[in-house]
Amino acid sequence: MSDNPFNASLLDEDSNREREILDATAEALSKPSPSLEYCTLSVDEALEKLDTDKNGGLRSSNEANNRRSLYGPNEITVEDDESLFKKFLSNFIEDRMILLLIGSAVVSLFMGNIDDAVSITLAIFIVVTVGFVQEYRSEKSLEALNKLVPAECHLMRCGQESHVLASTLVPGDLVHFRIGDRIPADIRIIEAIDLSIDESNLTGENEPVHKTSQTIEKSSFNDQPNSIVPISERSCIAYMGTLVKEGHGKGIVVGTGTNTSFGAVFEMMNNIEKPKTPLQLTMDKLGKDLSLVSFIVIGMICLVGIIQGRSWLEMFQISVSLAVAAIPEGLPIIVTVTLALGVLRMAKRKAIVRRLPSVETLGSVNVICSDKTGTLTSNHMTVSKLWCLDSMSNKLNVLSLDKNKKTKNSNGNLKNYLTEDVRETLTIGNLCNNASFSQEHAIFLGNPTDVALLEQLANFEMPDIRNTVQKVQELPFNSKRKLMATKILNPVDNKCTVYVKGAFERILEYSTSYLKSKGKKTEKLTEAQKATINECANSMASEGLRVFGFAKLTLSDSSTPLTEDLIKDLTFTGLIGMNDPPRPNVKFAIEQLLQGGVHIIMITGDSENTAVNIAKQIGIPVIDPKLSVLSGDKLDEMSDDQLANVIDHVNIFARATPEHKLNIVRALRKRGDVVAMTGDGVNDAPALKLSDIGVSMGRIGTDVAKEASDMVLTDDDFSTILTAIEEGKGIFNNIQNFLTFQLSTSVAALSLVALSTAFKLPNPLNAMQILWINILMDGPPAQSLGVEPVDHEVMKKPPRKRTDKILTHDVMKRLLTTAACIIVGTVYIFVKEMAEDGKVTARDTTMTFTCFVFFDMFNALACRHNTKSIFEIGFFTNKMFNYAVGLSLLGQMCAIYIPFFQSIFKTEKLGISDILLLLLISSSVFIVDELRKLWTRKKNEEDSTYFSNV
C-alpha cells in the first residue's frame, strides 16, 4: 500500500501513545541521512557532488531516469506483511459463528451425517469467501482514496520549469517553493527570501523555523553525540512534509522517499491504527445491539426446540445458521465500501473527499461560505481597463483593454497610448511579479493577476524587463498588508526603486504624489484628486472588475532595507481593472442549492461594489446591500454573538481577510449551522479546520489549505460543491435503503423460525438454506443498493439535521412492514404445502425456501428508492443491481434444479406453475411498498401545497 506521506500526521492525538511516538521519532531522526551530510556542505560543494546546476537543475531527462532507477520513486511505501491467503484463513478463525459452524460440521461427520458435514463445510467456505471479498474491496477502496490527492511541486529540470508530481523527483533536481507549499523531499536550500518553515509535524516545535542557504559548521556540534547536527539546527535544509509559512526559495533535492527524515519516522510508525468513522461506530453499535437481540431470540428458539423433543444437533445447526444470517456482522464493512465507492465516484466528478466521515456531513451542510476568485469565478484574469490621473483626468476617460472593446490605433496596437504614467504603471506590474514563462507549454505560469499583467505587455509592445534588472528584496503580498513591493536595483544608475501594487484603497492611503503623463515629473496629490481616483476605482468596481493600484518610491539611500514601514510617501501612477468572469455553471448550482435550503455566502477581498455586481451575475440574492453586504471593517467591530445575530441576512462579506473567515465560521457554528468553507491560502487553514467541511482548491490551493481541508475541488469550480453535497445526500439515502433491505430480511428469517418453533411446527428452513439466505442478504444485492445512482431531486429536500438517526421512525416502520409481509407470505406457503399431507417433505421446504428468496429479491427491488416508484427511476439505471439479482436468481435455480446442489440444500424440482405462484405471492412485498411510496408522495405534495399557500 502506497500512502501519500504528506497526508500523514506524525503526532498521534492519543496521549497514551504520545511518548512512544516521540521516542520513535527521536530515534529515527538521530540516524545518518542525506540532510545531515549536505547541511555541512556549501552550496557549490552540494551542486558539484550531485552534478546539477543551480539555475537549470539536472541537465538531461536521461540522467533523471537513471537516478530514479537508482534511488526509486519519491514515495513512502508501506509493505503489507500479511498475504491474501493468510487473510483468507484468518476469517475462519476470527469469527466465532464460523467456528461454531465448523464444530457443527465435525459433529455431523462423527455422527455419520456425511451429507450434512459436506454441505455445512461448503456453506462455510461460501460465506467466508463473500465476507473476505467484501473486506478486500473495502481495503482496496480505501487504498485508492489515499492516492486521490497526489503531492505536487515546482520543478526546474533541463532549464525548463514545470509543475509535476512530487513522486517524480530525484536527487539533484532543482525545486522552487513558496508560501503555502509543502516541501516535497529533503532539500538543500540554495536561495532563501524571508523563508520560514513550519516543522511541527516533524519536530513538534510550533514556531516556524527561519531558513537560509548558509552552510552549517559541523565543528560547532562536537559536543553532540557522535557530533551529529540536531535536526532542528540544520537551517539550510528543508524537510519533506514540512510547510512553507513565509517567503519563498529554491533548493536541490538531496533525499527522496524513505531516504528522508520524514520517511525514516514514517517507516517506524506505519502500524498506528486509523480511527473508525462516526458512521462506522454507529454501525458497530447497531450491529452489537441487533446481535444481542438476535442471540436472545435464537437462544429461546434453541431451548424451546430441545424442550419440545427436537434433535439437539438439528436445533444447534439451525441456531448457529440463524446467528450467522441474522447477526448483521457485515454492516460496518458494507457501510465502508459504500462510503469509499461513493468517494471514488465523487472524485470522478472533480470532488476529492479526503476523510470518510466528511461524506456523512455533506448531506447536513446548510451554509456554504465561498471565496469569489477562482471558485465562483473562472480565475482567468484579464486586464480590462487602465486609468492614470494625469493622462485621463476623469472616470469617463478610461483606456479600455477588453478584447472586444480595445482602443487601438490604425496599426492594431496600443503603443501610441504609452504616456509616461501608463508606461510606469505597466512597468510596476511587470516588476512586482513572480509569474514565469513555461517554454514547454508556451504559457505564463503563476498567480492569475501576475499572469494577466505580463500578458498585457505585448499589447503595448513592451518587453518583460525582469532579466535586465536586479531584484534586491521583496515584500510578498498578504491579506493584512494587501500589497506587494519589490526593491529593484537599476544597473544603469545603481539606484534602487521600490515598486508597489495592491488594493487601490491601500495604495491611495500611502500615496502623497502622482506621476505626470510626460517627463517623469511628479506633483503632490490633493484631496480632490484622491476623490477622483476613488471615484474612478469605484466606477470600475461597480462593473465587477477587481481594481489594483500602482505606485513607486525612489530611495535616496539604496542600502535602506525594504520593510512594511518603508511603504509611505508613494508616487501614485495608475489603476488597472481586471475582469474575472463567473464560471458557466455557477448560477445553476447556486439556484439548486438555494432550493435545497442552503444559505450561500460569498467572501471576497474585493470592494463592496465589485462583490455586489458579481453576486447579482451569479444569482446570490442581494435585496438590500445595507443588509446583505458586510465589510471587513464592520466585521472587526462586531463580537461573535453580534455577528451570529445578523449573519442570517448577510450574503456577501467584502474586503474580508482569511482571519475574518474564522470569525464567520465561529458565528455560524454558534447558531448550530453546518458550515462548508472554501479556501486556498495558508491563512485560510484555521477556518477550513474549524468548519464542518473545509473545501480547498486543487489547482490554486496551497498544500497547507489542502492539508486542513476535508474536500479538494480538483477543478476549483463552485458547482462541484453541488455535486458533492448531492452525492453526500444520495450516499446516506443508499445506506438507509440497504439497511432497510438487510434488517427486514434478518427480522423475517428470525421471526419465521421463531413462529414455527413457538407453534410446534417443523422448521421451514434448514441450516443450509438459512446460510444461502445470509449470502444473499450480506452479499451482492445488498452492496448493489449502496451504489444506486444519486437522485438529483435530493437537492430539493432540506439538509439533514446533524442529530438525525440512520434508523428513523419512518425507516423502522418501513422495514417492519416489509418483514411482516415476507413472514405472512412465506408462512402461508409453508402451511399450505404442509397441509396437503401433514408432513414436511423436500417439496415443502423447497417451496418455502424459494418463496423466501423471491421475497428477498422483490424486497431488494423495492428498496432501491425510498419514495420514487421503480417505474420512475427505471429498471436498468443500476447495472450492478441487475447483475446481483440475476446471479442470485441463477444461484437459486441451481439450488432447486441441479442434483448436486439439491443434495446440499435438501431441495427438489419445482414446476413452472409453482414458480409462477411463488412469484405472484412474493411480489406482494414489492406492491405493498409501491403503494406506500405512492401515499408518501401524495402526502408530500399536499404538505408542499399547504405550506406554499400559507
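Glycine is treated like the rest: Cβ placed from N, Cα and C.
Database features (Swiss-Prot):
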- ASP371: active site, 4-aspartylphosphate intermediate (ACT_SITE)
- SER2: N-acetylserine (MOD_RES)
- SER227: phosphoserine (MOD_RES)
- 2-92: topological domain 'Cytoplasmic' (TOPO_DOM)
- 112-116: topological domain 'Lumenal' (TOPO_DOM)
- 134-288: topological domain 'Cytoplasmic' (TOPO_DOM)
- 310-323: topological domain 'Lumenal' (TOPO_DOM)
- 345-814: topological domain 'Cytoplasmic' (TOPO_DOM)
- 836-844: topological domain 'Lumenal' (TOPO_DOM)
- 863-884: topological domain 'Cytoplasmic' (TOPO_DOM)
- 906-909: topological domain 'Lumenal' (TOPO_DOM)
- 931-950: topological domain 'Cytoplasmic' (TOPO_DOM)
- 93-111: transmembrane segment (TRANSMEM)
- 117-133: transmembrane segment (TRANSMEM)
- 289-309: transmembrane segment (TRANSMEM)
- 324-344: transmembrane segment (TRANSMEM)
- 815-835: transmembrane segment (TRANSMEM)
- 845-862: transmembrane segment (TRANSMEM)
- 885-905: transmembrane segment (TRANSMEM)
- 910-930: transmembrane segment (TRANSMEM)
Positions on the same chain near the topological domain 'Lumenal' (906-909), where near means CB under 8 A and six or more residues out: 766, 768-769, 842-843, 845-846, 849, 895-897
For the topological domain 'Lumenal' (836-844), distant same-chain residues with Cβ under 8 A (at least six beyond the ends): 762, 764, 830, 906-908, 910
Residues of the parent chain within Cβ reach of the topological domain 'Cytoplasmic' (863-884), under 8 Å, 6 or more residues beyond its termini: 733, 736-738, 740-741, 779-781, 783-785, 787-789, 791, 814, 926, 929-930, 933-934, 936-937, 940
Per-region confidence, the topological domain 'Lumenal' (906-909) (mean pLDDT, whole number): 92
Chain-internal residues near ASP371 (active site, 4-aspartylphosphate intermediate), provided their CB is under 8 angstroms and they sit 6+ positions away: ILE603, THR604, THR678, GLY679, ASP680
DSSP residue counts for the topological domain 'Lumenal' (836-844), split into helix, strand and coil: 3 helix, 0 strand, 6 coil
